[in-house]
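Enquirer: Just passing along the structure, written as structure tokens.
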Amino acid sequence: MALTVAYFYDPDVGNFHYGAGHPMKPHRLALTHSLVLHYGLYKKMIVSRPYQASQHDMCRFHSEDYIDFLQRVSPTNMQGFTKSLNAFNVGDDCPVFPGLFEFCSRYTGASLQGATQLNNKICDIAINWAGGLHHAKKFEASGFCYVNDIVIGILELLKYHPRVLYIDIDIHHGDGVQEAFYLTDRVMTVSFHKYGNYFFPGTGDMYEVGAESGRYYCLNVPLRDGIDDQSYKHLFQPVISQVVEFYQPTCIVLQCGADSLGCDRLGCFNLSIRGHGECVEYVKSFNIPLLVLGGGGYTVRNVARCWTYETSLLVEEAISEELPYSEYFEYFAPDFTLHPDVSTRIENQNSRQYLDQIRQTIFENLKMLNHAPSVQIHDVPADLLTYDRTDEADAEERGPEENYSRSGGRDWRAGENGRARKLNHSATGPARYSHFCLRRYLNTLPQGFLFDPSSPSQLL
């Protein structure tokens, strides 16, 4: 039986601009949607203009003062928010641009609505290529990401689903999602990413496995430069197969960052569009409710090709190698094909011995888990959103502008590929998430909760 696929697209989301020279280009979403339309894939999906997330929706994960800052700051008034810009890590990597909050509202609302439709069994697969911004933290922006739509979407899914599996195939570690669920067994996070040599964000070591109730519910697959389709498949399929067998998720969230393709402006992998799509197709094969999101991807023409191809796989519709004519046709010169050669001369530094070692370690960690149905899912106490940062001054000690700040000034410098990294965040060894995790919350989510997009006040 054919699966029902919901596809969310806001026609304005591709019109936002991070600024001249910035590698993140929301315009890639317009190119992707144009190809989806001209290939006729829309006929196989329920296409919707998504709900726009409110400030209240975003505060289900993020702090109120951070979201209030995003809503108020603009290019014309940012000089009055100097301390907050530093505290919330808004600057070069994550600039203030016209319509910033509206942009966040549009991509977050689509992920939230996709999760809601999965909960209510309106669809089997929900697609939001504008989402997948996996670096944003509770109190700050990071890595071109402001609002973590993934965490917010997963929180919505947890109202109905006892176990959610998060899979990330972006070249960068899915640190924001890992941090959020590091202490719980309600969400298992699995990230395949480049690791080492201070590559952003510097986290994602194989030995970051979770803590407390979430110990061993966090898996990281640290990869080296130049990995190709065959090597990636050698790890991806057996790891995901074992994870699904052991964890038995009732819903999957898949982040499809396209910066893991060869020839990406910020990447150093050698995946083809077919190889990247094979991961999506494999996850789909489990026939578990699936939320599919975008993510990174900085060679715009290849991002559009990749996500269009993966849309065709999700709706099980074969499409031609020759691209259809569209208003963006010239972007795809000189070949105008769906699967150009994106291989590079970067040597594959992932030896079979190295990959086998990673796989063995991951399988050993999985053996530390009981099979999911035989273990009670731990409740997480209900005071998550009430805890305070220990590095915060008392309210009386801050001026009006300082009241937007939840973190003190940090020491940052540009890492490889022009993306900032914290000097005080170790690039090796276990991660420590004492303040950022979604601690003590998940058992408070009511079962059977129905969300009406016209009444955002229903949301927690």
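Keep in mind that glycine also has a Cβ here, set from the backbone N, Cα and C atoms.
Copied straight from TrEMBL:
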{"type": "ACT_SITE", "residues": "His135", "note": "active site, proton acceptor"}
{"type": "BINDING", "residues": "Asp93, Gly143, Tyr298", "note": "substrate binding site"}
{"type": "BINDING", "residues": "Asp170, His172, Asp259", "note": "divalent metal cation binding site"}
{"type": "DOMAIN", "residues": "22-312", "note": "domain 'Histone deacetylase'"}
{"type": "REGION", "residues": "390-416", "note": "region 'Disordered'"}
Enquirer: Compute the mean position of the Cβ atoms of Asp170, His172, Asp259, which form the recorded divalent metal cation site, and then list in sequence order the other residues of that chain whose Cβ is within 8 Å of it.
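Expert: Other same-chain residues near the divalent metal cation site: Ile171, His193, Lys194, Gly257, Ser260, Leu266, Gly267, Gly295, Gly296, Gly297.
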Enquirer: Give me the Cα-Cα distance between Asp93 (substrate binding site) and Asp259 (divalent metal cation binding site), rounded to a whole Å.
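Expert: Between the alpha carbons of Asp93 (substrate binding site) and Asp259 (divalent metal cation binding site) there are 16 Å.
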Enquirer: Measuring Cα to Cα, tell me the gap between the residue listed as 'active site, proton acceptor' and Gly143 (substrate binding site) in whole angstrom.
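Expert: Each residue's Cα considered, the residue listed as 'active site, proton acceptor' and Gly143 (substrate binding site) end up 6 Å apart.
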Enquirer: Could you state the CA-to-CA distance between His172 (divalent metal cation binding site) and Tyr298 (substrate binding site) to the nearest Å?
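Expert: Cα-Cα distance, His172 (divalent metal cation binding site) to Tyr298 (substrate binding site): 12 Å.
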Enquirer: Looking at Cβ-Cβ distances, which residues of the chain lie under 8 angstroms from Asp170 (divalent metal cation binding site) while being 6 or more apart from it?
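Expert: In sequence order, the residues whose Cβ lies under 8 Å from that of Asp170 (divalent metal cation binding site) (at least 6 apart) are Gly132, His134, Ser191, His193, Gln255, Cys256, Gly257, Asp259, Ser260, Gly295, Gly296.
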Enquirer: Find the longest CA to CA distance in the recorded substrate-binding set Asp93, Gly143, Tyr298; express it in Å as a whole number.
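Expert: Looking at Asp93, Gly143, Tyr298 as a set, their Cα atoms extend up to 14 Å apart.
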Enquirer: Per DSSP, to which secondary structure element type does Asp93 (substrate binding site) belong, with helix, strand and coil as the options?
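Expert: Its secondary structure by DSSP: coil.
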